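**Q** Pasting a structure here, questions to come.
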Amino acid sequence: MAGIDNDLEEVMGHLGEFGKYQLFQFLLHIVGALTAGLHMLTLLTVAAVPETYICAPPGTNLNETVITNETFLLTPELDKCSYKDSYNQTMECDQWIYDRTYYESSIGMDWNFVCTRRWMGATAQSAYMFGVFLGAVTLGSMADNYGRKIIFYVSSVAQLILGVSVAFIPEYYSFVLVRFLYGYFGSAGAYITGFVLSMELVGASKRTFCGLMFQLAFAVGFMLVAGWGAIIKNATYLQVVYGMHSALLLGHWWLMDESPRWLWAQGRIRESLAIVQKALRMNGSTVILDVEKYTSKGKIKEINDDEKAHSGFDLLRTPNLRNKTLNVCFNWFANSIVYYGLSLNTKSLPGNPYLMMFLSGLVEVPSYIFVCLVMDRWGRRSLISGLMLIGGVCCVFASAFSEEDSFILKITVSLIGKACIAGSFAIIYNYTAELFPTVLRNTALGVGSMCARLSGAITPLLMLLDFLDPKVPATVFGIIALGSGFTALWLPETLNKPMPETLEDGEEFGKGDTCFSSCCNQRVVDKRSYQVALEKMGGNAFESGDSKA
């Protein structure tokens, strides 16, 4: 492909696909994915509200009231949100008694996120996601301009401080503000930047594996939320434990290196070569890089300082980049809204909520294994489209089931949908990183993640629409997923193609390549190749009419 920096590819080629150095750096990067998955869904336990609760009329001593499961079963006439006063008038409830079988304490019960106050719990989760939304685009762009490493580490320290301090906020609106900042640094900076660092370091044949391992680490973080929640019953202590996981990232400043590709793109070739030479030694290679040769070539190609800085607007300046950006953004939006809709809905499943939450994360594992096995055979485009279409169908079918239908069938369809969406969500990270050039790669991932977090932020609010009809949220999610699966067919394939480096590369990459054009072009190529072969043999089947093509 025109525009690829052959010198850079030659230098990176000396490293091999996945040596000891890449493995060590990858393990450092992936910790950011684990903490991101954990921080993202902490409210499922810290602010949990039991499905079973009743209104406590004025005069009820909540400290002395003992509620058992039998209380709820034997008093079905009790209203959850209102009570009758001494004049037999219906009054809105302002205190509640909760079934504490699984949750001994939570912010949701302390601040009563029920009835007309349900919006408070949804808003707290949305605030976190809006923080991720803003952090995805701003921190992603900053990482492209100022470096991956500095943004990764600043985000790591900030998420540790915010993750612990949010446990001690005594007032709701201050809590929401800190949750917003927690999201800004907790899941945007370290996760996206760490992902890009890995994608720019490993060989093309290992990008799929590494990208899927990032998604798996995120799912493990989700399962840790359930595991710690089952062990630690005090909500304050539980949030502190969640926040302390970010301490695992404190040593990264001294252990983790900047991206050689990013340094090269910035014209800092000596620094890039120094890191690659260090990596070669760790990998056991005897190759000695000719620093002066590459540096002198780099000076010839060096761009002006005012051309080095790029922003998200560059993704929209030229037609091909603009079309890819809009299409990818819609896919991020759709993946996220369905993924988080299904994840947040685990509390409605019967049985131990911690077990249901754990299984919701566990079901992603076979999906990632499947994607890992077929992604480098089938390609990105057809796989992400197929999984989104199946996931959308599952959402629509799940919403169509009535209460009388088999519960096992509903759960099975929902879990299949979750597995499909998890798989497509895993692909979109790799796909986006491969579609866009180095100078905009982190920005593109940031913008895509921004769209995902925007939909993730509105997902808790959409869940409130179940008061109209329980089928509404799942139906909306399904329609969006179906639309996304269809539009993905217009994206270019990236399998076994070199990653673009400059803006010009990014604009030329994949021009005219859609699912439909690829099928048609393949037929044309095959036909022409067949004709050439026949002409060499002295015949022309197309002119003689002997062809059955």
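Note: Cβ is positioned from N, Cα and C throughout, glycine not excepted.
What TrEMBL says about a protein is an automatic prediction, not a curated fact.
Copying in the features that TrEMBL gives for the protein in this structure:
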DOMAIN    25-495  domain 'Major facilitator superfamily (MFS) profile'
TRANSMEM  26-49  transmembrane segment
TRANSMEM  126-143  transmembrane segment
TRANSMEM  150-169  transmembrane segment
TRANSMEM  181-202  transmembrane segment
TRANSMEM  209-231  transmembrane segment
TRANSMEM  237-255  transmembrane segment
TRANSMEM  325-342  transmembrane segment
TRANSMEM  354-375  transmembrane segment
TRANSMEM  382-401  transmembrane segment
TRANSMEM  407-431  transmembrane segment
TRANSMEM  443-465  transmembrane segment
TRANSMEM  471-491  transmembrane segment
**Q** Which residues of the chain, 6 or more past the ends of the transmembrane segment (407-431), have a CB below 8 A from one of its CBs?
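**A** For the transmembrane segment (407-431), the list is 195, 199, 207-208, 211-212, 214-215, 219, 328, 331-332, 335-336, 338-339, 342-343, 345, 349-350, 359-360, 363-364, 366-368, 370-371, 375, 380-381, 383-384, 387-388, 390-391, 394-395, 397-398, 401, 445, 448, 481, 491, 494.
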**Q** With a cut-off of 8 Å between Cβ atoms, can you find at least three pairs linking the transmembrane segment (443-465) to the transmembrane segment (471-491)? Only pairs 6 or more residues apart in sequence count.
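**A** In this chain the transmembrane segment (443-465) contacts the transmembrane segment (471-491) - 3 or more Cβ pairs sit under 8 Å.
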**Q** Within this structure, do the transmembrane segment (325-342) and the transmembrane segment (237-255) have 3 or more Cβ pairs under 8 angstroms, counting pairs 6 or more apart in sequence?
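**A** No, since the transmembrane segment (237-255) and the transmembrane segment (325-342) share fewer than 3 Cβ pairs closer than 8 Å, they do not count as touching.
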**Q** Tell me if the transmembrane segment (471-491) touches the transmembrane segment (26-49). I count contact as 3 or more CB pairs below 8 A, with pairs 6 or more residues apart.
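**A** Answer no: the transmembrane segment (26-49) and the transmembrane segment (471-491) share fewer than 3 Cβ pairs below 8 Å.
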**Q** I need to check the long-range neighbours of the transmembrane segment (126-143): which residues 6 or more away from its ends have a CB within less than 8 Å of a CB in the stretch?
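**A** The answer is 39-40, 43, 151-152, 155, 176-177, 179-189, 192-193, 196, 310-312, 340, 442-450, 452-454, 456-461.
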**Q** Under a criterion of three or more Cβ pairs within a distance under 8 Å and sequence separation of at least 6, are the transmembrane segment (354-375) and the transmembrane segment (181-202) in contact?
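**A** Contact between the transmembrane segment (181-202) and the transmembrane segment (354-375): absent, because fewer than 3 Cβ pairs are under 8 Å.
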